[in-house]
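Some features that TrEMBL has for this protein:
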BINDING   Cys4, Cys7  [2Fe-2S] cluster 1 binding site
BINDING   Cys56, Cys59, Cys91, Cys93  [2Fe-2S] cluster 2 binding site
DOMAIN    174-359  domain 'FAD-binding PCMH-type'
BINDING   Ile202, Val203, Met204, Gly205, Asn206, Thr207, Asn208, Ile209, Asp305, Leu349, Arg367  FAD binding site
BINDING   Gln698, Phe729, Arg837, Ala1004  Mo-molybdopterin binding site
BINDING   Phe839  substrate binding site
ACT_SITE  Glu1186  active site, proton acceptor
Amino acid sequence: GGGCGACTVMVSRYDPHTKNHPLDGAAVTTVEGIGNTKTRLHPVQERIAKANGSQCGFCTPGMVMSMYTLLRNKPKPSMEDIKETLAGNLCRCTGYRPIIDGYRTFCESENCCQRNGNSCCMTNGSGPLESAENGQPELSGKEEFMPLDPTQELIFPPELIRMAESAKPTTQRFRGERMTWISPVSLNELLQLKAQHPQAPIVMGNTNIGPDIKFKGVVHPIIISASRVRELFEVEHKPEGVCVGAGSSLSAVRSVLEKSVSSLPEEHTQTMAALLDQLGRVGGEQIRNVATLGGNIASAYPNSDLNPVLAAGRCSVLLLSKDGKREVLLNKEFFVGFGKTILKPEEILLSVFIPVSRKGEVVRAFRHAPRKENALATVNAGMRVWFEEGSNVVKEMSVYYGGVGPCTVSAEKTAQQVVGRSWNEETLCDAYKELVDDVTLGASLTLSLLFKFYLHVLQHLKDTGQIPPEQLSAVEPLPNIIQPSYREFQDVLEGQSEQDPVGRALWHRSALSHATGEAVYCDDFPHTDGELFLSMVTSTRAHAKITHIDVSGALSMPGVVDVFTADDIPGQKFRSFAGIKEELMAGEEVTCVGQMICGVVADTKQHAKLAARALRISYEDLPDPIFTVEEAVQKHSFFLPQRKLEKGDVSRAFQEADQVHEGEIRLGGQEHFYMETQSMLVIPVGEEKEMKVFVSTQHPTMAQEAVAETLGIPSNRVSSHVKRVGGAFGGKVTKTSILVSLTALAAWRTGRPVRCVLERGEDMLITGARHPVGFMKDGRITAADVQYYANAGNTADESVLVAEKILLHMDNSYNIPNLRGQSSACKTNLPSNTAFRGFGVPQSMLVMENIINDVALILNRPAEEIREKNLYKEPSLTHYKMEFDPENLLRCWMECKEKSELEGRQLSIAQFNQQNRWKKRGISMIPIKYGIGFAEGFLNQAAALVHIYKDGSVLVSHGGTEMGQGIHTKLQQVASRELNVPLSLIHITETATSSVPNTCPSAASFGTDANGMAVKDACETLYKRLEPIRKQDPNGTWKSWISKAFFDKISLSATGYYRGQDLYMDWEKQEGLPYAYFTYAACCSEVELDCLTGEYRTIRTDLVADIGRSINPSIDIGQIEGAFMQGLGLYTMEELKFSPSGVLYTRGPGQYKIPAVCDVPLQFNVYLLSGSHNPHAIYSSKGIGEPTLFLGSSVFFALKEAVAAARSDSGLSGPFPLHSPATPERACSACSTRFTQMVHRPAVLQCFVYSYSCLVNINCKSIKYITFLLYLHIGVELEITFFTLSSNLFY
């Protein structure tokens, strides 16, 4: 769906006049063009690989090209340049830290990272990692890297220079099936075209029209591209200000303003500086390089970051048409509605005039967004005040807000309240009262931003003496300098052979292929002759009968080959997960929006998508759909069985407790957001019903079985192949098996290869996402009774198993003598949720940690004291009677406490909070005890196949899938140790059911444990077979031994098998052995919170993990850091939002925000516990993929500590609700500042509802009623935008 930066390329242009040009005539450089493994790597590719900056690798080419482009423009970048460049690139695997470390080596500024007394970034283990003596990271100095030599870079193609200088530009027209693209070369021609086609949009960077066409199905018969009209790019500097062509990209505007700000006196650059402040946070670098200033203004989005500043700063625009021109101020009259301005259809926006500010004028810009950078603003503002000369009396004032109405809003009455009065607290207090009525939506934030402006202006007036020191924090920025990080590995075993790679820090075996773009993913397989594309048609109703399906419109579309429904499935029409059947496609009734109903097969992806939109489905809505957990509980809508676990006598313990507290916490869902969406290619072999399936999945065998059952053929006719997976996190098991079976059905019916690759929005819609206490005065928790309700969605999927695992981990690391838990998977009419990294554990443990937190608040004691008091201390039984020794849990806790300097920092934080009213800090330390393995014992088995060829090379096949977790790299190390051969002789081939049958899913952090043992078994068998030959020729070489074995007719192929532990859980007896062992860890995080906006920064994170004896510490630390960042997203920013009718709104990176570079802890230290042993897994290692995700909650609870400090300043104490994710809106509301308290919540919710050009302001008691009322009134389906007050999140 775009927005992730994975497909970033460098576009170079040459124009002797304007330096602007369309793609025609430009040089496009991709990651393949700058270096490869066959010839020569580029330093950018080498350093991200050596820093272990790739895991699944899908995002790596985009990271490489962003950094490469920066270096081409600025060979000696600062750390700030690097951060800004990578802001538009998302990664779901690594946690960003190794990417930053790899690329900070290009930073040559003396103070690039040695700020505030910090050491160089190349010390303390923060440099790229190499295998070294005793497994310690060898710090790579810059001399060990390939040097960056700008003189050796690709030159701009001379033929393009000649073409640009000699060619006479002419109008270009490109005609498609539905649209015509016209590119004029002169202003007059542009005006003529606009007069002839007034409804035709003008396209420059295509950041608005393009996504509408691609994702919303918008059709424009004529599109005018004005990117070659020179006048649109002209810049003119005048004494009164600067005139910027409307076609200038935001990056170009930024460059112009930077030059103006540096050359003009400060008093003349107020508006320009404010615009610069906003421009640095509008989109990523990729967006700013193509999006234009004029496009930003003309699109008139309510939350535009620039429009409020332009309006407040007295800027104007020059509008031009065939009939003349007019200059218009950007003010409240210019923006007339949602996406509407006063531009006439035949007019174009030629230029924007940005005036110099006047003496005594102050302009500031503010924004509030769900993510610190590269995110659309929730609320933003531009504010200007002009004082009478030599005084603090206000002569003129403008206040504009975005995100609080249908368009940019002027707080005119608020400004009038201030004009003519002195700039002081009394004046502003009156302004606050006026603003509450002036801007009714987002009121607490608008008040907070006005207060920030008040203090900024006082500073500007040199009136700081009037500002109490504790108030100054309101205008100080949050910390943002990324510091060097530390990673502490383990020593390898004493006496270990130099050749033995186990325990050493090695790169991911595919890192260089990732960095060069040579790594092959499912959709990279070349298209074959006759290949077709499948597009799914999904339900638009949450709970309805299907009354009719009209396929005629789809079949009449060009390129369409077939349309199929559930009736066309020759075999099973359902899949069974956890014993509960799920339809492959809805037949008679739909139970959620996004449920698959039909498949459309066409010759191209575009034709398939267009035909899918042409298909018509009629529904009869069914009564009483269920969307929330509360509704499900009320109506007893559950998937069975419901589970319960209990130990001790909970009821009696409550009676004997000193205090009893009841509380509630809610945890939102989370989208997997793997970089590679669901992808598959099915090829009919052509005889005996054979099918080859290439699929991005964690469970190849499930895909094989699904195809076989759907087509009604034996599994031996289907082979499932997985080369690598571009991220999965639990989301590519069940839903993938359904999608691949439908793709196979399309291939079966047409007899041709069929490819299916979901767009991001389709993927998020179809695939689903994540799912009282008694205590004593001394803090000992004696009893807890917890009820868990998980919104499973419309089908069971794996939700019942998730609900079980929730109960098994409800104690986390605490020995609570009397504990009772009940869990239920609620059946609702939302899209079905599925497995996610952690499988219910992150939800379960959050509840227990919140209980601890509430107890600490009641007793007014540090939460860490309560946690430590209740930790398991000695060999114990869990609440399901599994025996374990918590020694390493306690070691992790104590080491983390020591390395994080917890007690000293707690004192410093208390002092900081006392001295600062509007910035607060919080610190929290969280432990985990995470069970590894499948409670369903049969899933713990694994197999492998190892071949040794006559040249001595080794080929390994196993049942695990490589999805970024490094399983192939680790099993290469296993084979190297067991066969005593170098890694260079070993190749890991694709995972295929034709090589290794009956595989189990790569999940539960058990992939290396099981498959590693299987590979070890096969290698041991082969090594034992070679023993007689080695004895005969002890001085021989590996190759000579293999040659001799072949001639002696000794088999050089062996299968390996690992039976796995017999794990089980008896729910009737409430006891069992569901896990092979526990992985332990502890994590301490510190945050700084802006109480006025809810924005925060993670200052430092220290994490200690017990992962046994690591097979590859660099890969394991990568897993730890990536999981932590995913948890940080879950608990503080990632939010799934549904409409009242069950439609998922957040379907892409534009609406759904995962952590980016800006969210990485400024200092991120990871330590592997030394001296740990684990007899239950290969080489005494431990699984680590899932456990540390929960440690991201340390940021959530640190935020809660900071919020508690803010509430204390407001006279509030004790427990308070803060649900997850703790978004800036929720954190701001929880702080309960005087500004949030000023806003009285109305009894009637006010919403703005848009349908095209219609704007209706309606008061009603039910949001659902709005949709129904307007449907009756207008008779069309509506796109509805709800604006709500602060954190009142009604969706």
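Just so it is clear, glycine is given a Cβ too, placed from its N, Cα and C backbone atoms.
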For Cys91 ([2Fe-2S] cluster 2 binding site) and Cys4 ([2Fe-2S] cluster 1 binding site), the CA-to-CA distance in whole Å is 8
Candidate with sparsest Cβ neighbourhood (10 Å radius) among Cys4, Cys7, Met204, the listed binding-site residues: Cys7
Please report the distance from the Cα of Ile202 (FAD binding site) to the Cα of Cys7 ([2Fe-2S] cluster 1 binding site), rounded to the nearest angstrom. 25
Which of the recorded positions listed here (Cys7, Asn208, Glu1186) have a Cα atom within 10 Å of the Cα of Cys59 ([2Fe-2S] cluster 2 binding site)? Cys7
Spatial neighbours, same chain, of Asn206 (FAD binding site) - Cβ under 8 Å, 6+ residues apart: Val290
If you measure from the C-alpha of Phe729 (Mo-molybdopterin binding site), which of the recorded positions Cys93, Asn208, Asp305, Glu1186 fall inside 10 Å? Cys93, Glu1186
Other same-chain residues whose Cβ falls within 8 Å of the Cβ centroid of Cys56, Cys59, Cys91, Cys93, the recorded [2Fe-2S] cluster 2 site, in sequence order: Ser54, Gln55, Gly57, Phe58, Thr60, Arg92, Thr94, Met675, Gly726, Gly727, Gly964, Gly1122
Pick out which of the binding-site residues Cys91, Ala1004 has the most other Cβ atoms within 10 Å of its own Cβ. Cys91
Can you give the largest Cα to Cα distance in Å, as a whole number, for the residues Ile202, Val203, Met204, Gly205, Asn206, Thr207, Asn208, Ile209, Asp305, Leu349, Arg367 that bind FAD in the record? 28
Fewest other C-beta atoms within 10 angstroms, as judged across Asn208, Gln698, which are the binding-site residues: Asn208
With the Mo-molybdopterin site defined by Gln698, Phe729, Arg837, Ala1004, which remaining residues of that chain have Cβ atoms positioned within 8 Å of the Cβ centroid? Ala728, Gly730, Gly731, Ala835, Phe836, Phe839, Ser1002, Ala1003, Gly1185, Glu1186
The recorded positions listed are Cys4, Cys56, Glu1186; by CA-CA distance, the one closest to Ala1004 (Mo-molybdopterin binding site) is Glu1186
In angstrom units, rounded to an integer, how far apart are the Cα atoms of Cys4 ([2Fe-2S] cluster 1 binding site) and Asp305 (FAD binding site)? 20
To the nearest whole angstrom, state the Cα distance for the pair Asp305 (FAD binding site) and Cys7 ([2Fe-2S] cluster 1 binding site). 26
For Phe839 (substrate binding site), what is the tally of other C-beta atoms lying within 10 angstroms of its C-beta? 25
